[in-house]
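Here's what TrEMBL has on this protein:
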REGION    A:1-77  region 'Disordered'
COMPBIAS  A:57-70  compositional bias 'Low complexity'
TRANSMEM  A:94-112  transmembrane segment
TRANSMEM  A:145-166  transmembrane segment
TRANSMEM  A:173-195  transmembrane segment
TRANSMEM  A:207-227  transmembrane segment
TRANSMEM  A:234-250  transmembrane segment
TRANSMEM  A:256-275  transmembrane segment
REGION    A:331-360  region 'Disordered'
TRANSMEM  A:399-419  transmembrane segment
TRANSMEM  A:425-444  transmembrane segment
Amino acid sequence: MITFTNNSDSEEEPCNERTSLMSAESPPVPSYQDGLQASEAGETQSHRKRRTGSSRSPNNTANGSTSGSSVPVRESAVENEEEELTLKYGAKHVIMLFVPVTLCMIVVVATIKSVRFYTEKNGQLIYTPFSEDTPSVGQRLLNSVLNTIVMISVIVVMTVFLVLLYKYRCYKFIHGWLILSSLMLLFLFTYIYLGEVLKTYNVAMDYPTLILIIWNFGAVGMICIHWKGPLQLQQAYLIMISALMALVFIKYLPEWSAWVILGAISIYDLMAVLCPKGPLRMLVETAQERNEPIFPALIYSSAMMWTVGMAKPDTAARGPSQQMWDTAEDGRVNHRSPSHSNSEILETRSPGATHPVTSLEELEEEERGVKLGLGDFIFYSVLVGKAAATASGDWNTTLACFVAILIGLCLTLLLLAVFKKALPALPISITFGLVFYFSTDNLVRPFMDTLASHQLYI
Amino acid sequence: MGAAVFFGCAGIAFGPALALVLLTVAAEPLRVIILVAGAFFWLVSLLLASLIWFISVHLSDQEDARLQFSLLVFGAAVSVLLQELFRFAYFKLLKKADEGLAMISGDGRSPISLKQMAYVSGLSFGLISGVFSVINILADSMGPGIVGIHGDSPYYFITSAFLTMALVFLHTFWGVIFFDACEKRRYWCLGLVVASHLVTSGLTFLNPWYEASLVPIYIIMICMGAWAFFTAGGSFRNVLKCLSCKRQEDSRVMMYSALRVPFED
């Protein structure tokens, strides 16, 4: 997956750092490791932390097993709870990712279908130097493969560069790079987008209003993404910049090159995250060793802050709250299984009446979420957007690609829960998406069109 | 024409389905996942059916209109059979998932029952089937045009919308009945579901003659609805109880939950 980087000398530079699915950890557990593994590792750690009362740097689950002699005895009991937690949070995590991915795709498809600008051919990026305007099919295919090679090499070089910078602790350079790239996205691309939308709907806007809007949008975006802001606002901004980047790709990548690039990127993602010397894997491992989060500006985080004790009807919410004033040792809420907490609720219900509820509401804890790199958002949206742009006005193809990508994401998260390590989010979804695109466009569309012309239903 | 027809037909076709999704599915993550996975299974079945149709069309004489029409009928029948086959495959997958969920969960019961899964999977098949049938028609209805200018029926849009609504409901009911039949191994029920699907699809062949196609399809839908209602455990007493909104028994049940988890279906 690609996130953004910037070189000041080039305008539309694809981004580089690829991250894969990550799980959110709240700051005291600093290592942001890809995948749900970290959330489980974190839960394991925090379970152990609760029981042993010590705080350690949670590196990997192997460390935890050496924490104390009492731990192995409790581990089997903890494991069952963790497995159930995995699944419970697994389903919730999937939805926490479905929603932003769907929103990003909706923005991209809506723009593609309404604003003509993003489907017009207006030249190509320098990363795809070979033109596809050739008469023969073979030449066109060759040019698209060459374009792909150029693009992927640029991406590899940039990713390796980023990993080297990170390894040699050139944080200022990286931060400057990221800030410049998000500046460009939030101001320049938004300006272009707004201009095109206004042109499409023939709405006049004067420059002072435009400057006011763009300035506010961009400034708040920079603050939310790079510093602090309400979580949902940050998520919204990340979705918007992913959509903008995807639109740029849809506009400037030539037809066949786009499909070959999508395929090649998913293979690259697979290798970069899973191979021992892959750049992304090295990035993740380095970040783990140093117990640092990986560039929060480039990752969509679905971690929720929820107020314990808020009026939620289900027992899962009441459970932890009971635990909070039962057993809070280090102030972390650990979400036990509701069945476990059911018995606790009743035992503690009567003393609970005497406790003022407001004290619970003051305590906020962060629930573990899942993190997904912005590059994933971008490439999913590129696939669906291209399907919307080029599939001869057919909505079936777009929908089929959409369902395929969601199922791929679901399967990837399932694998994450099983393997508990960093996984690339692109391969399965993009493969399904590509298969469904080509088959729906060529096979299903004529079938459904013929059926619809006779008003037949199947 | 234009926005009025678009919104009207979209509301007719997907209003009930959307209400069902918002009220029953959207709140539970597991049900949303089952919904999306069901849509995926239906899409795969459609893909295979289209592949078969495509191959048959390209192997045959494309000028012969009668042959092409019979190939279309053949394609539609194959598609119906494949849809039911994939419904069965989805049943198998959900059954395994149900066992897995039950094993993993703390009290040995899965967080979602097979009947709920049957309902959600039926709804998912219905939604995706309806969407694929009618979305291009809806998109066209937004633009300029005259319906039936070449002698076709001018009621194309509205009848398509009503057919889609019926289809969504039918798939939901078929899902409930099908899963229950598979669970209790009543193969005659399965056969009846498949047969009614084939009959419904066949009735749409009568299509510009809407009295002969829409009315029987709605009758089938009502019958299937009643059958699904009784299969899912409904009865007149349940309906009365639900309508009279009795609540006092529940609180007593809660107090005993320390002893035994109340069995809900």
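Placement of Cβ uses the backbone N, Cα and C atoms for every residue, glycine included.
No curator has checked TrEMBL annotations; they are predicted automatically.
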Spatial neighbours of the transmembrane segment (A:425-444) far in sequence, C-beta under 8 Å, 6+ residues away: 1, 20-21, 259, 262-263, 265-267, 269-270, 372-373, 375-376, 379-380, 383-384, 386-387, 391-392, 394, 396-397, 400-401, 403-409, 411-412, 415
Contacting positions for the transmembrane segment (A:207-227) when only residues 6+ beyond its ends and CB under 8 Å are counted: 178-179, 182-183, 186-187, 190-191, 194, 233-234, 237-238, 240-241, 297
For the transmembrane segment (A:94-112), sequence-distant contacts whose Cβ falls under 8 Å of one of its Cβ atoms, 6 or more beyond its ends: 118-119, 193, 197, 235, 238-240, 242-243, 246-247, 250, 300, 302, 304, 369-370, 372, 376-377, 380-382, 384-385, 388-389, 398, 402, 405-406, 409-410, 413
For the transmembrane segment (A:234-250), sequence-distant contacts whose Cβ falls under 8 Å of one of its Cβ atoms, 6 or more beyond its ends: 4, 12, 14-15, 100, 103-104, 107-108, 111-112, 118-119, 182, 185-186, 189-190, 193, 220-221, 224-225, 258, 300-302, 374, 377-379, 381-382, 385-386, 389
